[in-house]
Structures are given as structure tokens and as C-alpha cells.
Amino acid sequence: MSNPEHTLGVTPPISTALPTDSEKRQTDALLKELRAQGTFESQAETDKRWAVLADLQRITNEFVKRAAQESEPHNSILIRDARGRIFTYGSFRLGVYGPGSDIDTLVVVPKYVTVKQYFEIFPKLLEEMAPPGAITDLTPVPEAFVPIIKFEYSGISIDLIFCSIQSLRQLPDDKEWNLNNNNLLRGLSENEVRSLNGTRVTDEILALVPEEKTFKLALRAIKLWAQRRAIYANIMGYPGGVAWAMLVARVCQLYPKATGAVVVRKFFTIMLNWPWPLPVLLKNIEYNQSITRVAVWNPKIYPSDRNHKMPIITPSYPSMCATHNVGRSSMAVIQQELERGVQIAEEIMLGKRPWKDLFEKHTFFTNGFKFYLTVISSGRTKEAQNTWSGFVESRVRVLVQKLELHPSIALARPFNKGYDRVHRCKTDAQVEEIQTGNLSYMVKPTDTATNGNAKNESKVEVKAEIKTEDGVAPDPAVPAVKEEPNDVVHLGTVPLKPEETRIKPEAKDEDHDKVKLADIPEKEPEIEIYTTNHYIGLQLVEKAKSLDLSREVDDFKAMCTSNDIFKAELMGLTIQHVRNFDLPDDVFEPGETKPVKPVKKKKRMAEGDPANGPMAKRQQMATAPPPIKSEH
């Protein structure tokens, strides 16, 4: 913990006043509410996490020894001293994790250990050295920009990335050794630098706050607020966990002796009035370094850096912008939420409202928009869909950027999570219906663990807020808005062998004389389809007459389907428009009111009544919602 008397940050504090008794009481109330909201896990669960990390450290040491034996089998000293290190980053390292959070983990090894060995040896060691059955969902991803192995260890989700330190022949045998020395970046590629900087950034954030306990409490509150208001997801154009952490850390620097409750209140006021694009910095940027070729954020040199609307800059060298994905619409939404936060936080500190009001859920589906676009990625296998949906998700913000340029669109707000669903059908025509959003064939949530749920809900930062209603699939009678056939990238038909096209029950000997096998009805084979829906709320400009999005839709689909990841025989992509009253039931929580279709009042008019004439009809058309076109 840093000395609170030492000035931290790029400017002096705004206030060093000690907290009042009222502020202390409000901080106690905030802590109580965060516990009631389920953001803390039990001590037993935390102990389990540390035990898993200890196992991973033991496995990592064995991995490095085996890599040393493979690289230099006759070098006994190298093999004897071979060791690796496990580091964490993200919410676990910051101390703001909760029930269901994953552990972002980094394996650091000496220069002689290669990425190839990591993917060849480490997965085998996990299954060999972990307790029987502890390792599940083991998924190496060697093609990722940052090498990663994903798995669950005793029910805890682990994202394990890798970095080989090119400047070290052997890692120090010192438990206090860390990654803060910039010279460790020498000789590393951009992806290797990014691997190390996850830990380096989180370590430096903790070193740059005056009081860790206050920072962690305030950050838990801001993370929960951002999640509930659906403005937490870097991939969708909102600040991610590290960005929100840096914003909270900056407020802590400006009020070094404030309580957690005061930091939360000041957070909303300061960030609402922040003069963007002035960057948020926790320390001065290190420009005069020549250790790595990775560019340091510098808007004076790089035009792309000048385009950042809400720059929040990481403190570790090389400094980068953690919010380069934030666009015009997402920034407008963030500003709206900060305004709401200012009002509620002020009333809370005055004792007029409880803390739970700050954490009320968003109204994106219930009262957010009249018009939505939904991007539907689909796959014939779970593996294909995992790859395809992840790629499409990473490109949704590109579609949003194109929509923001449309003259009839005032705001295009992407929801921060996708919805995974599983469907079973029997014909290619039904597959096509599923592609265009028909949920008649959706498997009930009781039949599949992942159906109808928002993505990533195993993590506390995206804790499940949206569920299916009482485990029942949406009513098939609800009309689905479909695109024209030329607006659909069709799922390919996988031909079945003749013997696979029908499943016949075996005939028992005793029934042979009673029933002929040919008379037994053949069971139709089922096709299982996986889909992920991403929703974008559209706010139109005043007096918009029509909305033709065919060019934006076609460009987006062409960009996605031209990538090598796309396999036409396994994957599909559709974009459709949906009115708020046609949204599927599973995006609403029990107790929420789903928008209903307005009922037009019809009055019988007498002949010759001016209210029934041409002028009246033109007025009615002028007040009707504009049609949305997303096909040619």
C-alpha cells in the first residue's frame, strides 16, 4: 500500500479532507448493499481459488523442466534450475472478484521454452497432474493473437496466457520477483508484450492508489453499477474492467483520504464533467524508452490515437488506450448513465435514497427503444458456433460505427452481451426459419444448460440478469420479423448418408409375427442448431421518414463471411430488424413488463366527414413510425 501522504497522479489532490461520521456510515451501508447484491464470495471459495493457483504453479514448474529436457537434454544444471511462474491479472489480481468469476492467469517461462511446447506439453500435464476429473472444457487456442489455453479447474474458469522472457535464461528463485522491470520487455513481440502487460497494468494500478481498501470497495460498486446498466464490455464499445478500474483509481488519487462512498459519489461528478478527449492518466506517460517496438499512445504522432473519444491510458510502459473501441453512441449512453448516477448518488449521501437504487437494472429491452437490429450468428455444431459467434461478436461494433453514420439514426446502442440459444428441428426450411429469428424450435432451458442465457454469465461482472421465463420457450405464435431470402447467408446443407437419414427401432423376436418392421413409422432425424443473438437499439432522428440499412447490412455480412473463419457448410449470419413488442421473451426477467403493440383506435366516420378525408389520412401517415429496410 502506498504512503497516503505521497502525492499520486499527474495533478495534486482536489481534497485531503478526512471523512465525516456521516460518510463513514454511508460507506458501511454501501458495503452492506454490495454483500446483499452477492458481489462477495465465501472464504471457502476464495481458499479454493488459491489452492487451484498453487496447483497451477506446481504444474508450471514441471512443464518448464520437461521443456528444458526436450530443448537441452544433456544440460543437467539447466534442467535442475528450470522453473516458471504463475501471475494473475484482472479482477482477481485487483481483489474485486466474486462468485463465478474466472481467474485471468499468465504463465511466465525462460527464453528456451517455446509457444509450440506450451501447446504440446501443458495441456497433457494439466490432465496428468490435476486431481482426476478436475480439468474440464480444455480448449487450447493457438491461433489467438495472445496464446491462450482455456479450461475449468475444479469448476473455476481459467484463461491461461503465455509469455517466454527472451532476456532471461532462467527465472529468479525469488517469490517476490515481479514483472515491473521494463527491461523484461526486450526482444518480445507485440502479442508477448500484451501478455505481460495484463499483470503489469493491474500491479501498477494498485501501486498508484493511496488506499487499496477504499479503492477496492469503490471499484466493486462501480463495476456492479456498470454491469447492471449494461455499459460494461470492451468488445462491444464500452469500458472494460481495467478501464473502469483506472477511472476509479484516478478519483482515489484526487480524494486520497475519502471513504468508499465518497469516492463513488465523486466518481460520477468528475467523470460526467471530464473534458474528453483529454486522457485520464494515473501517471505521466513514459515516452523516452527504446525497449520495445510496440507504439506508445501518442495523439501528437498517430492519427488513430487522435480519434479516441474517451481515452483512458494504461500506466505501464508501453502505455496504451484501454477504450479505443468507445464510439459516439456508446459514449452518449455512458454520459446518460453518469448523469443518472450523479443524481442518485447525491440523494444517497443525503440519506434520501438507498444504495440499491444505484444498482437498478437497465431498461434496454423494457423501455429503451422502439426499433432494434439483431445480428444472428448460427452454427451446426457447438464448436463451430463458439468460433464463429466469437468472431461476429468482435465485429458488431464495426456495424454500430456504420449505423452511426446513417443520416436517419441519432444513436445506435449495442447491448453488452449476446444471447446463446439451442434449437432442434427436422428440415432445412426450419433451419432457415431459425436463422431469421424464429424461436419455435428452441430447446427449453431445462434441456440444455446454455440455452437462452446471456454470454459470459459465469463471471460476476456479467452475472446472470436475464433469464428465460419459468423455463418455458417463447410462444411460437409471437410473430418473427424475417428478412428476404437474399438477406440471409444460409446454413449449408450437410448431406446425410442414406443409412443415416432414418432411424428405425429394432424389432423384437416375439413381436415379429405381429408387426412388420416396414410398418413401423420411421423417426425423423433432428438437426441441432446453435445461435447467438446480439441486439442493437436504434434511436432515430426526429421526423425520420424511412430507414434503408441494406448497404450497412450487406457490408457487414460481406466483411464477416469473407474471413477464413467462415465455413458456409457449418455457419450462417442474418441481420433482421425487430420492433420492441416483437422481442423474444427470454430477454426479459420474470416480473418485467414486455412492450406491447399499440392498438390503433378505429372510429366509424360518417360520409363526408372531413376527419375521414385525404388530409386526415396524410396526417395519420405522418405520425406513423418509419419503415426500416435492411434488404435490397
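Quick reminder: no glycine exception, Cβ is built from N, Cα and C everywhere.
Unlike curated entries, TrEMBL annotations are predicted automatically.
Pulled from TrEMBL:
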BINDING   D102, D104  Mg(2+) 1 binding site
BINDING   D102, I103, D104, D159, K223, Y232, G241, V242  ATP binding site
BINDING   D102, D104, D159  Mg(2+) 2 binding site
DOMAIN    9-209  domain 'Poly(A) polymerase nucleotidyltransferase'
DOMAIN    214-361  domain 'Poly(A) polymerase central'
DOMAIN    363-597  domain 'Poly(A) polymerase RNA-binding'
REGION    1-22  region 'Disordered'
REGION    586-632  region 'Disordered'
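Overlay of TrEMBL annotations on the structure.
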| residue | record | CB count, 10 Å |
| --- | --- | --- |
| D102 | Mg(2+) 1 binding site | 20 |
| I103 | ATP binding site | 22 |
| D104 | Mg(2+) 1 binding site | 22 |
| D159 | ATP binding site | 18 |
| K223 | ATP binding site | 23 |
| Y232 | ATP binding site | 23 |
| G241 | ATP binding site | 24 |
| V242 | ATP binding site | 22 |
Anything within 10 Å of D102 (Mg(2+) 1 binding site)? Look among the binding-site residues D159, K223, Y232, G241, V242, comparing CA atoms, and list what you find. D159
Would you give the longest CA-CA distance, in whole angstrom, between residues of D102, I103, D104, D159, K223, Y232, G241, V242, the set recorded as binding ATP? 20
Given the binding-site residues D159, K223, Y232, G241, V242, state which is nearest to D104 (Mg(2+) 1 binding site) when distance is taken between Cα atoms. D159
Taking DSSP H, G, I as helix and E, B as strand, the domain 'Poly(A) polymerase central' (214-361) contains 76 helix, 4 strand, 68 coil
Please give the average pLDDT for the domain 'Poly(A) polymerase central' (214-361) in this predicted model. 96
